[in-house]
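**Q** A single structure is presented below for examination.
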Amino acid sequence: MKAISVLGSTGSIGTQTLQIAEEFPDQFKIVALTAGKNLDLVTKQIETHQPEVVSLADESLLPELTRRINSLNEDSKILKKPLLMAGAEGLNTAAAWGSADLVVTGIVGCAGLLPTLAAIEAGKDLALANKETLIAAGPVVIPALKKSGSRLLPADSEHSAIFQCLQGTPWADNARLSTGVPTPGFKSIQLTASGGAFRDWKAEDLVKATVEDATSHPNWSMGKKITVDSATLMNKGLEVIEAHYLFGLSYDQIEIIIHPQSIIHSMVELDDSSVLAQLGWPDMKLPILYCLSWPSRLKTPWPRLKLTQIGNLTFKEPDTNKYPCMELAYSAGKSGGTMPAVLNAANEKAVELFLEERFKFIDIPKVIEAICEKHKCDLNLNPSLSEILEIDNWAREEVLDYSEKNIKKMQF
């Protein structure tokens, strides 16, 4: 049985991970949970999974959670009360929890960086759903992985697809250890993108896009932030940077293709012109399950893919005029150093302000480009962890400053 720590248990990745654990109780045991403010949900999770440690983001909520846990214990609904913690200390403790074999990092944004490093330093294997960790701190995370021997298993659908395609090839060991894919015989990877909420919109109509429009994904069920990232195609741009670090590829070896049906999750092209692809229904539980069960595969009762029912699979190149965030990500990745951290932080803050209706959808790439341009003169090609965290804070403050100075022309 594999013991699992779930960081971000009440979010999209976390809840799906726990659903899988419930479906396979003889395979997975949840030993640690971290959550935000959803006490009702985390209380149910504690009752169902009976973890050894639970951490909340907000320390002020601990007394109420303690009361609820005491009630569960008195009613014999849990056998043993978990250790309760809060804040950064609790998050890092859960990430490095002694009995955990695998840590699922489902925390959104750069907040997942420090607990990810804590898990790596403790020698834990990682199911990485928090792409921002590698994007912002790849220069720190990859050396830490190599030093500790921790294995990094990608939990998002596209990188999981690449990872699965590489199994059974000469590059399998390199992929799962994040030591890079050797060049001989290996040509490129192709990351597929659904096109997001606005794939059928004309570029000139995006000026009218609302928050409700941007958070309505045609294929996937995800959180609001990542759904907006899908609409701007920044999500795919960030995945390009993530793939660079995961598989040791140059940016010229990573291509983005629009595939509206989201059935082919990504492809690997070899030097002999062969293409390996991984197919499946657009369901995040599939790549999460593969991370949890790897190197084995578990039989599921889930719907089977029947290509005859789908009929057509279509593909097209992304429109760079419609999706400027994609090119911003390529540019930041090629610049290297602290630029991806600036891109990521600026995007996180810009999306947050858009969701608050502080400015328009079309302003997201404008803000990000302005902040990245401002950072060029201070680019650090070999940053430390503290320098990455500092530049992350700087970029967020710059987005706020930019929005305040331009608020009148940016508002809905």
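Glycine too: its Cβ is placed from the backbone N, Cα and C atoms.
Pulled from Swiss-Prot, these are the listed features:
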| type | residues | note |
| --- | --- | --- |
| BINDING | THR10, GLY11, SER12, ILE13, GLY36, LYS37, ASN38, ASN130, GLU132, GLY223 | NADPH binding site |
| BINDING | LYS131, SER157, GLU158, SER194, HIS217, SER230, ASN235, LYS236, GLU239 | 1-deoxy-D-xylulose 5-phosphate binding site |
| BINDING | ASP156, GLU158, GLU239 | Mn(2+) binding site |
**Q** Same-chain residues six or more away whose CB lies under 8 A from the CB of ASN38 (NADPH binding site)?
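**A** Looking at Cβ-Cβ distances below 8 Å from ASN38 (NADPH binding site), excluding near sequence neighbours, one finds THR10.
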**Q** Anything within 10 Å of LYS131 (1-deoxy-D-xylulose 5-phosphate binding site)? Look among the binding-site residues SER12, GLY36, ASP156, comparing CA atoms, and list what you find.
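**A** So the list reads ASP156.
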**Q** Counting all other Cβ atoms within 10 Å across every protein chain shown, which of the binding-site residues LYS131, HIS217 scores highest?
**A** LYS131
**Q** Would you identify the secondary structure of THR10 (NADPH binding site) according to DSSP, in three states?
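**A** It is coil.
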**Q** Could you state the whole-number distance in Å separating the C-alpha atoms of ASN235 (1-deoxy-D-xylulose 5-phosphate binding site) and SER12 (NADPH binding site)?
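**A** Given the Cα positions, ASN235 (1-deoxy-D-xylulose 5-phosphate binding site) is 16 Å from SER12 (NADPH binding site).
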**Q** Do me a favour and check the Cα-Cα span between ASP156 (Mn(2+) binding site) and GLU132 (NADPH binding site); whole Å is fine.
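**A** Answer for this pair: 12 Å between alpha carbons.
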**Q** So among the binding-site residues THR10, SER12, GLU132, who's got the most Cβ atoms within 10 Å?
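**A** For the binding-site residues THR10, SER12, GLU132, the Cβ with the most other Cβ atoms within 10 Å is GLU132.
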**Q** List the same-chain residues at least 6 positions away in sequence whose Cβ sits under 8 Å from the Cβ of GLY36 (NADPH binding site), in sequence order, or say none.
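**A** Residues satisfying the criterion: GLY8, THR10, GLY11, LEU56, ALA57, ASP58.
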**Q** Measure the Cβ-based neighbour count of GLU158 (1-deoxy-D-xylulose 5-phosphate binding site), defined as the other Cβ atoms within 10 Å of its Cβ.
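**A** There are 26 such Cβ atoms around GLU158 (1-deoxy-D-xylulose 5-phosphate binding site).
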**Q** Can you grab the distance from GLU158 (1-deoxy-D-xylulose 5-phosphate binding site) over to GLU132 (NADPH binding site)? Cα atoms, rounded to a whole Å.
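**A** Rounded to a whole number, the Cα-Cα distance is 15 Å.
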**Q** DSSP on HIS217 (1-deoxy-D-xylulose 5-phosphate binding site), three-state: which is it?
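**A** In the DSSP reduction, HIS217 (1-deoxy-D-xylulose 5-phosphate binding site) maps to coil.
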**Q** If the Mn(2+) site is taken as the center of the Cβ atoms of ASP156, GLU158, GLU239, which further residues of that chain fall within 8 Å of it by their Cβ?
**A** LYS131, PRO154, SER157, HIS159, SER160, LEU191, ASN235, LYS236, GLU242, ALA243, SER266
**Q** Return the count of C-beta atoms lying within 10 angstroms of the C-beta of ASN235 (1-deoxy-D-xylulose 5-phosphate binding site), excluding that atom itself.
**A** 25
**Q** Give me the Cα-Cα distance between HIS217 (1-deoxy-D-xylulose 5-phosphate binding site) and GLU132 (NADPH binding site), rounded to a whole Å.
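**A** Computed Cα spacing between HIS217 (1-deoxy-D-xylulose 5-phosphate binding site) and GLU132 (NADPH binding site) is 21 Å.
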